Amino acid sequence: KASVGFKAGVKDYRLTYYTPDYETKDTDILAAFRVTPQPGVPAEEAGAAVAAESSTGTWTTVWTDGLTSLDRYKGRCYHIEAVIGEENQYICYVAYPLDLFEEGSVTNMFTSIVGNVFGFKALRALRLEDLRIPPAYSKTFQGPPHGIQVERDKLNKYGRPLLGCTIKPKLGLSAKNYGRAVYECLRGGLDFTKDDENVNSQPFMRWRDRFVFCAEALYKAQAETGEIKGHYLNATAGTCEEMMKRAVFARELGAPIVMHDYLTGGFTANTSLAHYCRDNGLLLHIHRAMHAVIDRQKNHGMHFRVLAKGLRMSGGDHIHAGTVVGKLEGEREITLGFVDLLRDDFIEKDRSRGIFFTQDWVSMPGVIPVASGGIHVWHMPALTEIFGDDSVLQFGGGTLGHPWGNAPGAVANRVALEACVQARNEGRDLAREGNEIIREAAKWSPELA
């Protein structure tokens, strides 16, 4: 049998990388891949190929294999199950030894696990469904700059979801008019307003002007309402240096929160920004622009729950997580699955919610999920019920589309939210009586009517 190791030429991966009797270690990073092999490629070979190509393997035996201990460093495909209802599709479980990964680098983790292997010829399609991050690895990350509890304490807001609004039209306003829209929304009763993800520093509105006018709006609204307000100042830029410059300026203005597009900006930039935010008391709002490029295909790419876990390690205090009810895609149980992965400390394996592994975050701070995209006041009861208190509900057109203007739109949202929270606390069923609750509130709030 030993001769197999050193025959020249192409050899089967499963001889080395398919190990069904392997007992996973507590320190292993575990991955669940949805594998669709090419016709004629057996499942064991496909699963082993994934393990090999994402760890130590190459297409043949190289003599330098003799200079290391492959048994210590190789990824192993340790379990394969057929996907029910799909022809020729399998979930392959792969265990990676911890030593394969650089400490505190989400970038390195993804380069290994979802690198070259996705272009592999023997596979028709490949999707990373879930990752189990062991405490031994997650402890090398600082995670979110502040987390849910610290954010509530900073804002002095408890017992309800937070309200946000993306300023529209997303592109084309001057800085002064943009600041005016921010002021009106915050004055009306929202907690946050938001730069759109593609608002960076364009010719019609340079970043520094926007930051200054938004800060002015913030302070004015705070003085008039007696509440702490925030505007997500988008610091995303073409270089990391420029991004940090913007974050520094936001801090100098006394802004409470900045924002980053973490997939287009990259995990390296995101982790740098998160470290700065923690050191300087800034909250960090994360937008997931580009996620659907990676996660929308059912059989290829990467599920959003993996991107969400990566973000919790890299660092962010808010992240967009779909709505379940608005204009963008998202199934309820699956969405709630990764919302729990973002917020909770310990999440049990539950395949019905798409959770393939039990995940223990060992006290890493949580991330607040943001529901955003095509939602409006009539969704409020459902959103309050689905997402609970630790969430940000973000209404863009649902605020600015109010026939009377921005401030009344904000008032309507705040009234609807307070009504839903009060009804829930009184024990009423939001799912069943939602519309009725909003209608009752509308009787004494002309903005909501």
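Every residue gets a Cβ built from N, Cα and C, even glycine.
Keep in mind the model is a prediction, meaning the values are calculated, not measured.
Summarising the annotation, Swiss-Prot assigns active site, proton acceptor to Lys168 (among others). Neighbour density for Lys168 (active site, proton acceptor): within 10 A of its CB lie 16 other CB atoms from the protein chains shown. Under the three-state DSSP scheme, Lys168 (active site, proton acceptor) falls in the coil class.
The local packing around His287 (active site, proton acceptor), expressed as other Cβ atoms within 10 Å of its Cβ over all shown chains, amounts to 28. In three-state terms derived from DSSP, His287 (active site, proton acceptor) belongs to an extended strand segment. Annotated active site, proton acceptor per Swiss-Prot: His287 (among others), in sequence order, evidence recorded as sequence analysis.
Residues annotated as substrate binding site in Swiss-Prot, with sequence analysis given as evidence: Asn116, Thr166, Lys170, Arg288, His320, Ser372.
Over all protein chains present, the Cβ of Asp196 (Mg(2+) binding site) has 18 other Cβ atoms lying within 10 Å. Look at Swiss-Prot and you will find Lys194, Asp196, Glu197 tagged as Mg(2+) binding site.
The N6,N6,N6-trimethyllysine annotation in Swiss-Prot covers Lys7, and the record cites sequence analysis as its basis.
Per Swiss-Prot, N6-carboxylysine is recorded for Lys194, and the stated evidence type is sequence analysis. Spatially close to Lys194 (Mg(2+) binding site) yet at least six residues away along the chain are Gly164, Cys165, Thr166, Ile167, His231, Tyr232, Met259, His285, Gln394, judged by Cβ distances under 8 angstroms.
Taken from Swiss-Prot, the feature site 'Transition state stabilizer' applies to Lys327, supported by sequence analysis.
The Cβ neighbour count for His320 (substrate binding site), using a 10 Å radius over every protein chain in view, is 22. Minimal Cβ crowding within 10 Å, among the binding-site residues Asn116, Thr166, Ser372, is found at Asn116. When Cα-Cα distances from Asn116 (substrate binding site) are compared across the recorded positions Lys168, Asp196, Glu197, His287, the shortest belongs to His287. Put simply, Glu197 (Mg(2+) binding site) is 12 Å from Ser372 (substrate binding site) when counted between their Cα atoms. Among the recorded positions Lys168, Asp196, Glu197, not one has its Cα within 10 Å of the Cα of His320 (substrate binding site).
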